[in-house]
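Trainee: One structure coming up, written as structure tokens, with questions to follow.
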Amino acid sequence: MSAHVLLFRNDSLNSINPLRKTGKNPIKTSHDQRSFETCAFLIEVGNGGVAVVSTAATYDNMVHPGGHTALDGRQYGEAPPEHALDSDIGVFSDPAIRRGFIRKVYLTLMIQLLVTVGLICAFLYWDTLRNWTIGNYCQIAWVHLLVLILALSCCGNLRRRVPINFIALGLFTIVEGLMLGSVTVYFNADAVLWAVGATALVSFALSLFAMQSKWDFTAASGSLWVFGWTLFSFAMLCAILRSQYVYITYACLGTLLFSLYLVFDTQLILGGKHRNFELSPEEYVFAALSLYLDVVSLFLLLLQLIGLCR
């Protein structure tokens, strides 16, 4: 049941991440330069690679502080302000903006998780719904889930426009909660509660590690992408072999992968001087969706692992 989340994470989220490179060494200009350059880079991260879309523009000007006319009759203007070379980085480096972005992301994530836990509990303890789900399992809901996650991942205007972005995210959360509830009916309630507790503990510990660590996991997007597709290929092998030990190995490797993804996405949200990439301040819906999928994937894999080991 966890393979679909793995497919979504690699096909959609990891290939269309709205990342931008942080400015650790901003370009400086001085009044005695013969020429100065402005570099406006649009970073596209996809398929494990980084592409520079726009190139640097060179201005062949002698900077004159007063804007006077030189002896040869040429007019020299003032140099552009230094902050114009990296205005986006300067805006998001403001601690107040960063804190507001982080609060918005984690508040959205908390609401998503509460709704999901509520739906799972309904499937676990409402016998009528539980019995109906076992006898009438419907695959069409997976199609709706795929459409919603692709729309939120690929359509930048959809996830940035209020209130459409929250409506789409709310629909996705409800559908995902229903899907998780339909999965948990095949497990004992004790196993599901153990999986919920383990997921909460692991997610909290990894989030603290991502906040405190100086190791930059944002530079490892390509490695995570390769690891993800390798694990997906291993899942195909599991479907053929149908061995309990192979399933346990898959669940352990999947837990490791999405633990790394949780650290990766947390560092993208937190940003900072030790990170190569970070999310734009307008991408709070995308950030919450990324963390939500990481937590849900961890839950499914831990639930599978607990069920296999009982």
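Each residue, glycine too, has its Cβ placed from N, Cα and C.
Note that this is a predicted model, so its numbers are computed, not measured.
Copying in the features that TrEMBL gives for the protein in this structure:
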type	residues	note
TRANSMEM	105-126	transmembrane segment
TRANSMEM	132-152	transmembrane segment
TRANSMEM	164-186	transmembrane segment
TRANSMEM	192-211	transmembrane segment
TRANSMEM	223-241	transmembrane segment
TRANSMEM	247-264	transmembrane segment
TRANSMEM	284-306	transmembrane segment
Trainee: If we skip the immediate neighbours and take only residues 6+ beyond the ends of the transmembrane segment (247-264), which ones have a Cβ under 8 Å from one of its Cβ atoms?
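Mentor: For the transmembrane segment (247-264), the sequence-distant neighbours (Cβ-Cβ under 8 Å, at least 6 residues beyond its ends) are 2, 6, 9, 202-203, 206-207, 209-210, 213, 217-218, 220-221, 224, 227-228, 231, 234-235, 238, 291, 294-295, 297-298, 301-302, 304-305, 308-309.
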Trainee: Below 8 Å between Cβ atoms, which of the listed ranges 164-186, 223-241, 284-306 makes the most pairs with the transmembrane segment (105-126)?
Mentor: 164-186
